[in-house]
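Heads up: the structure comes next, in structure tokens.
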Amino acid sequence: DGESIAVFTKNQTNPYFQAVRVGTENAAKTMNAKVIHYIPTKPDSIPEQLSQIEDVIVKKPNAIVFIPVDYKAMVPGVEQINEAKIPVVNVTDRSAGGKFLAFVGADDYNLGLETGRYLLKKLGGKGNVVIIEGVKGSLTSIDRVRGFNDAIKEFKDVKLLASQPANYQRLQALQVMENLMQSHPQIDGVMAANDGMAIGAIEALDGANRKAQVIGINGTKEAVDAIKAGKMLASGDYNGFVQGCIGTMVAIRALRGQPIVTEVVLKPTVVDSTNYQPYDVAVESRSCPAWDQAAAMATKTN
Amino acid sequence: MRAAVKSPPAPEVVEEKPDLGTPLLELKGISKQFPGVKALDDVSFAIWPGEVHMLLGENGAGKSSLMKCLCGAYQADTGAYFHMGEKVEIRTPTDAKKLGIAVIFQEFSLVPYLDVAQNIFLGREFKSKIPGLLDRRRLYAEAQKVLDRIGLEVDPRTKVHTLGVAQQQMVEIAKALSQDASILVMDEPTAALSDRETERLFAVMRQLQAKGTAIVYISHRMAEVFALGDRITVLRDGKNVGHAVPGETSPDQLVRMMVGRTVDMSYPRNFRAPGDVVLELKDISATTGIADINLVVRAGEIVGLCGLVGSGRTEVARAVFGADAITSGEVRVFGRIKQGGPDVAATEGIALIPESRKTEGLALIRTVSDNLAVAGLPKLFPNHLFSPGRARRSAEALIKRLRIATPSPNQSVGLLSGGNQQKVVIGKWLAAGARLFIFDEPTRGIDVGAKSEIFALIDQLVAEGAAVLMISSEQAEIVHVCDRAYVMRGRRIVGELSRSELSEENIVRMGMHDE
Amino acid sequence: MSMSSQTAGATPRLHLSKDVVQVIYRLLAAGLLCVVLAVVTDSFLSTNNILNVLRQASLLFFLASGLTLVILSGGLDLSVGANIGLSACLAATVIKATGSPVLGTLAGLGSGTLVGVCNGLMVAKLRIPSFIATYGMLWVLHGLTYYYMGGETIHGFPPGFRQIGSGYFLGIPIPVYLMLGFLAAGTFFAQRTVWGQQIYAIGANPVAARLCGIPVDRRLILVYAFSGAMAGVASLVFLARLNSAEGDIGEALTLPAVAAVLIGGASLFGGVGTVFGTFVGALILTLVLNGMNLLAVNASWQPLVTGVIVVLAVWLDMIGRRRT
Amino acid sequence: MSDHALSAAQPRPRLPAIPGVAIVLVALALVFAAISPNFLSTGNLSNILVQSVILLLLAMPMTLIIMTEGLDLSMGAVLTLASLVLALTVVSTQSLVLGLAGAVGVGLAFGFVNGWLVSSLRIPPFVATLGTLGVAQGLALIVSDGQSVVGIPRFLRQVYSGETAGIPNPILIGAAFYALFHVLLYHTKFGVYIRALGGNRDALTLAGVKWQRMLVAVYMLGGAMAGVAALLLTARINAGHPTAAIGMEFDAIAAVALGGTSFERGNGWIFGTLLGVLTVGVLRNGLNLMAVPSSAQVAATGALVIVALFLDGLRSRKP
Ligand SMILES: Nc1ncnc2c1ncn2[C@@H]1O[C@H](COP(=O)(O)OP(=O)(O)OP(=O)(O)O)[C@@H](O)[C@H]1O
Ligand SMILES: Nc1ncnc2c1ncn2[C@@H]1O[C@H](COP(=O)(O)OP(=O)(O)OP(=O)(O)O)[C@@H](O)[C@H]1O
Ligand SMILES: [Mg+2]
Ligand SMILES: [Mg+2]
């Protein structure tokens with residue numbers, strides 16, 4: 001009891017990671033452990049997360065729950081953790097190397113694919129769409145966009161007009177959308193790689209008095225509100241909260257010698273106007289699934 | 001374009017060239033055009049070894065420009081250079097250096113965060129035996145030698161930015177002397193110096209002269225012209241208007257050549273009975289080191305403040321104006337205790353003409369008109385709305401009144417000649433309607449004609465009831481102009497001289513009386 | 001920059017004021033850009049797109065206009081972007097809590113101004129170089145915002161409030177009116193008031209300005225407060241436009257805002273520049289991004305092209321000024 | 001700038017001449033040592049030093065650039081690009097030398113362009129390097145196509161994680177370059193001219209020094225050091241990444257300013273920069289050890305910079 005778990009997340013600004021953090025806290029509280037958060041002061045800074053790993057190793061927490069800011073560049077950091085013999089659970093972005101107790105995440109590709117399909121079906125399998133990408137080179141963006149593209153390929157009458165990055169930034173998405181609307185008089189669907197950008201696109205459409213169906217990814221409160229209000233079509237559920245819960249549970253259970261699972265890849269759920277209710281609560285008031293439920297989601301056990 | 005007054009033709013002067021053999025350096029037909037100003041117009045000029053050649057002219061006549069062409073800092077538009085009879089090119093400072101030309105510039109060319117020695121040998125560093133590195137020991141030894149020669153008692157390791165104006169001027173001189181040049185150009189080297197340093201400099205110049213160095217010397221101080229000069233060249237409006245020899249010419253004649261009219265150099269004053277006390281200092285001490293300063297200035301008086309360089313005169317002026325903090329004592333202005341910074345001082349009608357025009361007096365990148373308006377903004381535009389036209393008209397009036405040579409009120413002040421810049425510094429306070437003027441070296445670098453005009457102006461100010469506190473290193477000025485004077489030594493006031501006691505000897509005796 | 005070269009560069013021969021000449025050159029540059037874009041794309045010249053560009057430029061201009069005065073006074077304000085973040089979050093909270101856009105607006109303007117005053121006090125009274133003082137402030141503001149927001153966003157504001165960001169009047173977006181208003185006010189303040197002139201004087205030589213009796217400290221505080229207030233304005237327009245507040249809302253805007261001021265002809269050494277120049281600078285930057293989006297330039301190339309154009313614009317401007 | 005050439009004498013300092021950054025560094029170290037038992041362990045101290053080296057390698061040339069009244073905003077982006085070039089070269093040729101040559105080459109090229117824009121075209125350094133920042137960032141995205149470059153051979157990682165004579169390699173590299181910069185600034189002509197470039201450029205012209213070349217050299221030095229830092233960065237993250245060092249130039253500028261180098265008149269010192277870099281390192285490390293929340297760390301970083309400069313200001317009040 002009273003184990004200390006160090007939790008590494010990518011930044012302090014994206015609501016998604018806040019959901020993960022709340023999940024870890026929730027799980028730790030019910031299991032009588034405590035978490036300490038390490039977040040780069042500069043969003044997504046690789047050198048800074050490496051430094052934080054080194055500093056944390058000096059402090060020797062009992063276990064680590066780890067989201068790499070970059071799945072490849074952070075491998076040396078993971079190896080240092082391994083050398084220091086601190087058990088570590090990988091969450092959200094699957095690290096390209098290093099030894100982990102388990103991986104807990106969602107499948108970005110399938111998320112993109114399913115949400116994309118949902119949109120295209122709603123459009124009746126035809127029309128013009130644009131994709132708004134996240135940060136170039138980030139695993140989440142690459143996989144989600146790949147999913148979007150594959151969904152589009154399934155529908156012959158759908159035309160992809162443009163695929164532009166807006167770096168997961170709301171304002172950039174808004175301006176990119178404004179500019180795209182100038183060169184494309186007819187846009188029927190917008191696929192954004194996260195909810196913030198989706199909302200930015202919606203604002204741009206509203207501003208120009210144009211209509212299009214917009215989807216995003218993450219299932220944030222804001223997106224749920226927009227879905228409720230009928231402004232947004234759907235959001236792929238990425239469920240950071242549950243990822244945080246399960247990641248922490250695995251870490252603590254391993255410390256206590258209880259059985260664990262080694263991989264949980266959450267199934268994609270598309271949140272739309274028919275099923276948003278469970279998501280319409282602030283993360284702080286949600287609670288973690290019980291271990292049985294969590295174990296049932298496992299895709300690998302040892 | 002230039003604002004020179006219409007003037008009668010200059011008196012005829014002997015134009016024959018003395019037969020002294022081949023000149024060391026000869027400039028022929030030099031012209032230099034700046035936007036709006038023809039700074040030099042077909043000027044020819046020659047120097048012979050071992051002579052001190054005085055270059056005279058009004059502010060903006062083109063003296064500095066001519067010297068800058070001579071040393072490669074400017075490139076002349078037309079003209080040719082001959083070194084010992086041979087045609088040479090001087091296009092860069094390096095070319096000039098190769099010919100053995102060294103220059104003491106009117107505006108300092110020192111680097112603030114290098115030390116004295118590094119400044120003296122800038123561009124001529126001593127190489128160490130280890131390739132790529134510098135020989136620091138040699139640097140300081142050599143620098144010490146040069147400093148000893150001119151009698152500057154400063155550690156060569158002192159960073160230049162910590163030095164006062166006079167010491168910086170001495171470093172500038174040391175820098176030029178260290179080059180062992182065959183031609184030495186000095187552009188108003190004594191403008192910032194007091195008599196003691198000046199004497200020292202003259203001694204060094206005489207040594208150099210004896211060794212055969214040719215010296216070109218620019219100064220607005222008539223006494224120096226006659227004490228040092230072997231020959232005189234006068235420029236006016238960018239043209240060479242004649243040569244003269246000191247023994248055969250009188251100061252009045254020279255002045256007439258320079259300004260094209262007669263100038264009364266005795267600075268006549270109308271002494272009147274002083275009025276109410278305007279400024280009163282009681283036991284002032286300040287963070288800058290001055291202590292127990294007591295003095296009084298009344299309306300209608302010009303009170304001098306004299307002493308050696310470093311005696312603390314500037315610090316007194318700054319303390320009055322609120323530019324430096326006072327640690328004890330009180331300043332009373334018009335009977336009320338004054339507290340606060342320069343902004344308070346300005347609203348109470350005090351004006352400070354600071355000693356360093358470039359760093360403290362002017363915004364060099366702004367126009368003449370802007371600079372002339374800046375101190376008087378609240379007075380000129382009481383409703384806070386600025387009108388460029390109004391500012392311009394006010395500036396034009398001042399340009400006329402002070403005879404500032406500028407192609408237009410829109411010229412950047414940084415492009416004016418040194419003396420004209422100084423006039424702008426004075427002018428901006430005239431627009432502010434101040435009633436207590438503190439002049440710190442007001443005539444530094446100002447030509448004789450302008451000087452007498454400025455003193456006439458100051459006289460007029462006091463006649464209208466203003467009070468003036470004047471600092472000057474030229475004792476003659478203090479003696480001629482002031483009603484009374486205080487003498488400072490070691491950052492304290494050591495005495496007061498009444499009008500009848502005011503003489504150069506008395507000032508020197510009181511101010512120099514060493515411990 | 002050597003004195004002679006720099007000053008020589010800035011002197012017009014005619015009575016045509018320096019500022020006017022600068023502005024003409026810069027407008028020409030912007031015009032050239034427009035012509036190029038109009039020729040190579042078919043959608044550039046639509047009314048919609050023009051309004052679009054103007055509205056995007058307005059966001060940049062709000063920040064940059066405040067920054068212009070700071071730069072004129074010889075300083076720099078790196079905290080404007082972070083200031084937007086904090087002010088937007090506070091304004092959003094107040095609107096949510098009270099339902100009153102007016103109170104929210106006051107909160108946004110107030111917090112922006114307060115941050116500016118703090119900057120001003122640090123620069124004027126504590127004599128911390130502005131670059132550092134405002135850089136430190138940037139971190140402090142980020143810290144406060146992150147702490148306050150805890151990674152969440154606040155969204156959904158009353159339609160009345162949203163008008164200032166996304167509304168139209170006579171077919172022209174409201175932010176464009178705001179921009180023109182601030183352009184006129186800023187130009188008037190800088191060129192036609194005593195305080196404006198004093199700010200120029202301070203920028204050109206702070207020591208001399210002080211010895212001229214200008215209350216330098218008070219003017220500097222004013223300048224930074226104004227810059228903070230403009231960040232407050234920008235935060236409100238952002239909020240209204242984006243309909244949501246998050247911590248890093250203005251982060252990416254600081255450098256473009258500085259760039260806009262510099263492209264507009266101001267000098268980081270102070271004393272040179274105009275608000276109108278900044279307006280054109282903001283326009284040029286926005287046109288470049290708009291053009292690249294219209295041309296569907298690969299996103300990887302966008303920073304590169306922007307970089308080259310920024311340098312080119314400033315260089316052409318300098319040549320232009322040297323010629324006069 | 002040179003217009004404000006020389007100020008009148010400054011009043012004598014009233015506080016002892018201890019730079020603000022030193023006071024802050026010592027104070028921080030004392031506080032952390034008192035609160036966190038791990039802070040003073042050899043492992044942790046070496047940790048701080050190792051972490052500080054990359055920043056030091058950037059901050060030292062930045063000091064010189066700032067002393068010339070310049071600025072290099074492109075440094076972080078150039079470092080990123082150089083790191084990618086190094087990674088790509090090493091992965092394809094397996095040669096460390098070629099990789100380093102490539103990285104330093106990229107740095108030199110950008111340094112040259114920066115220097116040329118600033119000295120020949122007289123574009124203000126802020127604008128010129130803001131432009132090249134965009135170019136370097138764009139090139140980084142283009143050469144990497146937004147992806148990390150992986151498969152870095154073991155020997156490259158050894159550069160960062162290995163030890164020589166019991167001392168971690170990065171510390172040795174940092175020390176060697178510190179010595180180099182010290183000599184450069186205080187014992188060579190170049191050092192003298194750097195001060196003059198910031199203090200009074202006209203003085204150099206009149207002394208017949210071709211300062212344009214010097215200025216280009218200063219920026220090239222900055223680029224080259226970004227190349228060297230790229231070696232350590234790539235070895236550290238075991239990859240090339242298109243955003244690895246974005247924004248690091250501001251950390252470097254902050255460290256330089258923290259160290260007491262001023263943006264005007266060529267007033268600066270390299271030891272102050274070392275102190276500045278260490279102060280940032282100690283602060284981050286200590287706050288991490290104390291598990292201070294990230295948002296407070298962010299605010300503390302800002303407050304620290306302000307406090308140090310404020311202490312400096314107390315010492316030498318401008319007249
Ligand atoms: N770089 C420049 N650009 C434009 N005009 C200049 C420049 N340098 C000098 N001038 C102008 O050339 C004229 C001659 O100036 P110069 O400095 O040679 O005068 P001077 O004889 O040395 O005067 P002073 O006694 O006041 O020092 C002046 O009108 C001045 O404004
Ligand atoms: N004893 C000294 N040793 C070294 N430097 C000194 C000494 N006394 C004065 N100085 C320097 O000389 C500078 C000029 O002195 P100060 O301004 O007090 O005198 P001043 O009478 O106004 O002289 P100036 O003729 O320069 O106006 C001082 O600021 C100081 O830096
Ligand atoms: Mg002159
Ligand atoms: Mg003095």
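If you go along the chain as it appears here, the first residue is 1 and each next one adds 1.
Glycine is no exception: its Cβ is also placed from the backbone N, Cα and C atoms.
Remember, TrEMBL labels are computer predictions, not curated facts.
It is C:102-124, from the ranges C:102-124, C:194-216, that TrEMBL records as transmembrane segment. Most Cβ pairs within less than 8 Å of the transmembrane segment (C:168-190), among stretches C:23-45, C:131-148, C:276-295, C:301-319, belong to C:276-295. Using the rule of three or more Cβ pairs under 8 Å, pairs at least 6 apart in sequence, the transmembrane segment (C:102-124) is in contact with the transmembrane segment (C:220-240). Across the candidate stretches C:23-45, C:57-76, C:131-148, C:276-295, C:301-319, the maximum count of CB pairs under 8 A to the transmembrane segment (C:220-240) is reached by C:57-76.
Among the listed stretches C:57-76, C:131-148, C:276-295, C:301-319, the one sharing the most Cβ pairs under 8 Å with the transmembrane segment (C:23-45) is C:276-295. Long-range contacts of the transmembrane segment (C:131-148) within the same chain, counting only residues at least 6 positions beyond its ends with a Cβ under 8 Å from a Cβ of the stretch, are 75-79, 81-83, 85-86, 89, 115, 118-119, 122-123, 247-248, 251, 254.
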